[in-house]
Structures are given as structure tokens and as C-alpha cells.
Amino acid sequence: MGSFEIPEKHTALLQGEGGSLVIARDVPLPTLGPGHLLVKTAAVALNPCDFKTPAAFPNPGYYNGCDFAGTVVALGSDNIRDGGPWKIGDRIFGAIHGANPSDWDSGSHAEYVKAVSVFSYRIPDWMTFEEAAGLSPCCIATMGVSLFKALELPGTFEEPATKPLDVLIYGGSSSVGSLGIQMVKLTGHRLGHRCITTCSPKNFDLVKSYGADEVFDYKSPTCAQDIRKATRNCLKYAVDPFGEVKTMAICTEAIGRAGGRYSALEKFQEDVCDRKTVKRELTMGAIIIGHGLDLGGRYTRPHSPEMRAWGIEWYKSIQRLVDARKFKPHPIRVLKGGFEDMLEGLAMLKRREISAEKLVVSLDPAVSGLTADSTAR
């Protein structure tokens, strides 16, 4: 593959004052270090953390955003990835730690992205950039850390658990929820672990299509009790993407008599659950790359070479599943207005207007909707 003409500056969505986000022109390109790749962004997916993190930890002038898909246009040193070194022209998708106070130009909401070689995926020839971004590597990383590190769920994709266990994935119609359902089913022998989930009745068929075994209406006043009954008072594992008072109450009350583990993907109130037999943990997907998080309080995490080693192997496992078409993507809604639509999409998420869809913004009309196969013809 030939070389690409790379500008000295580009456009990016940066943090403004008070946690706001602004479109900035003529921003210097990210600086590549060892193990980095420069990616020309074709599409990005939007996540709630993309507006929540800048609001909670504002750093004016810093980059923002996590999920991306695009084309490798420049290489840092040591760019080895499972399957061989990355090359100029490779199609790539992944997640980076956006709004990172320790790395100002780390963020996906930009024309060019600084990706980490060992924490990125190759896009299969049959997949478009929008579809790749819509798989939401940010959610893949977060759910992986939640299920297999925080909850310590038995089984792996390569060696599924022989005994099926009940697992509650709250909010199965969310993008992270639908990924969680599929991961639970893929790590149990034959039919997988038994996945319980919640959502609105209008989305029951959707979550069942991802493999959910039983679905409950989260608005039902007896939701927790119904889950307890369905799991014979033996539920031990619960993932809560929202960490709200109501969602935490349902999850922790659904856990059986013997207790278990609860993983929240958002900060939760400790006093909502007083059950000493339920171990509670705030899970952050950004720790998968092993660097420490110095955000203060419960958001602080130490540097962990062990987590980094696990994360590298996790990415290899996910790549094999993606290549084998084992993941069914979440329904995506593509916005084609570039950075303006990026801001509007984040506002839509903030207003909670999106249900059972993943918002993806196309940044490069020339490659929108194209696969590697279609560009070769």
C-alpha cells in the first residue's frame, strides 16, 4: 500500500471550559510514541462516557472520545500486533482512553487518531468502517473487564466453563448490554451460561436475538423478585451498566441468598445495598491497557502490568471472534454530518433519546459504507 499525504494540523473535538466540547480547527496532529499508530478516522461511535468524562474531569484543550475506525497512515516504533506488524493502509478499529488527563492528545473525536497497536483490531474485509466502529471496542473492553476480572466469571472463549451459571446483564438492549449477553453465552459449554437481562418489553425480541435466555421488564415493581425466582435464589453474578439507585437495587436484590458479585460501569451509591455477602465494584474499561488512572477517589487505579498482559490476550481473543463473525453487532444509526453531528449525537445521548441503537458518525464521505472488498473492485 502506498503512502498517504498527512497534514501538519487537523480538526478535532476538544474539551472547552466547564466540561463543554468544541470543534477546534488547525490542531497539531497527535504525537506518536513507541507502539503507536496514526489513523485517518473514517467513523467514530458515541458513548455516554464521551460527555460524562469531560463534565466530571474537565481539562480544557484536551482531546475526547474513545471508539474509532479508519486507516493506518503512519507508524510509531514497535507496532507489532498479533498476526504480524501493522502496515500503512491497514483498516483498523479500536478504542483509546479519551479525555485522559495524563495524555492530552489521546482521543478518537478527530480527523487523525493516535491508536495503540496492541489494543486495536483489524477490520475484516467484509465489514464497513461504520460497522466496525459500531461494535464499540470501548464497550468490548469494559464488558470484558467487568465479566472476567470484576465478577471472575468462570470460562473463557477458548475454554468455556463446563457448568452453566446464571448471569444478570442489566439493560440488555444497550450496546454494552448486547455485547455482554453474547460474551456470557460464548464462555459457557455448549449452550453457554444462562443469561438473564432486563429492558423495555418493546426490545424483548431484540435481546433474545442476542442470546438472552430470560428477559424482564425493568419497570416492573417486582423485577428483582421475579429474577430471583427465575434463578432459584442462586444468582451470583450481576453487571449494571448504569449504576443508578434503581438499577443497583434491582441487581443486588436479584442476587441469591448466598450472595455474589456486582459490577457497575458507572459510579454507584454505596448505601443502596447493605448486603455484606454482595461484593460491589466500580469497573472502568480504560484499565485494560494497564496504565494507572489518577482521576481521584474511587476512579483512581494503580499501574498494572498483569492487567496489561491480560488485556493483550483479550484483544487477540476478540479479534478471532470478530473474524469468525461470532459477534452480532448492535443496530447502528449512522450520522453523516461530521463534527457537527458528533456534537448533536452526544446531546441526543445526554437527553436519553436513543434506545436500542448505537450512534455512529461518519467522518470520511469518500469511504462511508465501503468494505475492503468493495474498494478492491
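Placement of Cβ uses the backbone N, Cα and C atoms for every residue, glycine included.
The average pLDDT the prediction assigns to the region 'Enoyl reductase (ER) domain' (18-361) is 94. The region 'Enoyl reductase (ER) domain' annotation in Swiss-Prot covers 18-361, and the record cites sequence analysis as its basis.
Swiss-Prot lists 49-52, 173-176, 200-203, Tyr218, 265-266, Thr283, 354-355 with the feature NADP(+) binding site. Non-local neighbourhood of Cys49 (NADP(+) binding site): Cys66, Gly98, Cys138, each in the same chain, at least six residues away, with C-beta under 8 Å from its C-beta.
Counted within 10 Å of its Cβ, the other Cβ atoms near Cys139 (substrate binding site) come to 27, all protein chains included. What Swiss-Prot lists as substrate binding site is Pro137, Cys138, Cys139, Ile140, Ala141, Thr142, Met143, Gly144, Gly285, Ala286, Ile287, Ile288, Ile289.
Here Tyr218 (NADP(+) binding site) comes close to Tyr170, Gly171, Thr198, Cys199, Ser200, Thr247, Ile250: these same-chain residues lie at least six apart in sequence, with C-beta atoms under 8 angstroms from its C-beta.
Cα separation, Met143 (substrate binding site) to Thr283 (NADP(+) binding site), rounded: 9 Å. Summarising the environment of Pro137 (substrate binding site), the number of other Cβ atoms within 10 Å of its Cβ, over all protein chains shown, is 26. The full span of the recorded substrate binding residues, Pro137, Cys138, Cys139, Ile140, Ala141, Thr142, Met143, Gly144, Gly285, Ala286, Ile287, Ile288, Ile289, taken as their largest Cα to Cα distance, is 14 Å. Ile289 (substrate binding site) sits 14 Å from Thr283 (NADP(+) binding site), taking the C-alpha atoms as the reference points.
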